[in-house]
């Protein structure tokens, strides 16, 4: 729209504006414009002329010449603010063609912006899929290498066992005395027992390393799934925002006029304007007001309580583990906000599922994956490595 500001004046009645539009363009052109735009909308799936807001209809009637199908498709992106500006500029001396050219350029830019956003989301989706495929190939190669190492270790152990048996047989055959044979047998038995113990220890260590690798793989898979869910949520939010835009702009314009009685006063049947009624609200006295709560207290929305033994704590314990249950029953019980306490994020109030909910390690609240992307070191709670925190706690710790 126009960058220069024009003085706002009260709009003339609807009848003179309609008469002025009819003087600028013949009635035959107006009828053909309405029928042409309606037929084009039905053919191409664009917005109908009858569903356009009143200012847009006036502007289209004032244009000399027909409106193309591409321009009618652009009218789908008209907002209430655009209609308000058209309404105010139609009351000035500006030509309808200038207002239409400026509106069409703004709608074209808005359409291109939404198209670029969709392209960016598609690129993110492809990059995430490629990363998942590469991660799967790397994990498969790692499993194959571990299996080969295990087979090689087993073969070496079998060869050592055969070598010990061969030496034992040679010593038994070469021993002349029974005492020497018994000592050799005892030494071989002790050596075999030590080898078996070493093999058992090596096997236990291998299983331990394999368990750690499995946990790391599962954690990485969960992170990839969370990123996938976050991308899907962003795409769903983008699609929902597109679908929430109402095609019936006439209803949006009437609601906007009712909400702004000073700028757009209502008209009676005789053409006179009804006086605007402004509701008077009492201004509350603010002297001697109670003190404002500190920001630190506002962020502590959950008091630690153990769901197992019922113990309450004034301050969160180390790593949010109940010390009473650990001391009495040797159990690790978290005292932060329970998973079944809420189904919405405590920050953005968006619904969260069982796989997309997380706990802030600083305040203990339930938050979604989008609101808990920050990491922080909380030494007061025993976290020496960066852990997941919500945006509120991240900003508080930065201050």
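Just so it is clear, glycine is given a Cβ too, placed from its N, Cα and C backbone atoms.
Here the structure is a predicted model, which means the values were calculated and not measured.
Summarising the annotation, TrEMBL assigns compositional bias 'Low complexity' to 27-41 (among others).
When Cβ-Cβ distances below 8 Å are used as the criterion, the compositional bias 'Basic and acidic residues' (149-161) is approached by residues 192, 195, 199, 202, 206 of the same chain, each at least six residues removed from its ends. Taken from TrEMBL, the feature compositional bias 'Basic and acidic residues' covers 149-161.
The feature compositional bias 'Low complexity' is assigned by TrEMBL to 183-202 (among others).
TrEMBL lists 209-219 with the feature compositional bias 'Basic residues'. Sequence-distant contacts of the compositional bias 'Basic residues' (209-219), counting only residues of its own chain at least 6 positions beyond either end whose CB sits under 8 Å from a CB of the stretch, comprise 139, 142, 146.
The domain 'FYVE-type' annotation in TrEMBL covers 339-398. Within the model, the domain 'FYVE-type' (339-398) carries an average pLDDT of 87.
If you look up TrEMBL, you'll see 1-41 (among others) marked as region 'Disordered'.
Positions annotated as region 'Disordered' by TrEMBL: 129-253 (among others).
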Who are the chain neighbours of the compositional bias 'Low complexity' (183-202) in space, where the CB to CB distance is under 8 Å and they lie at least 6 residues beyond its ends?
153, 157, 160-161, 164, 167-168, 171-172, 175
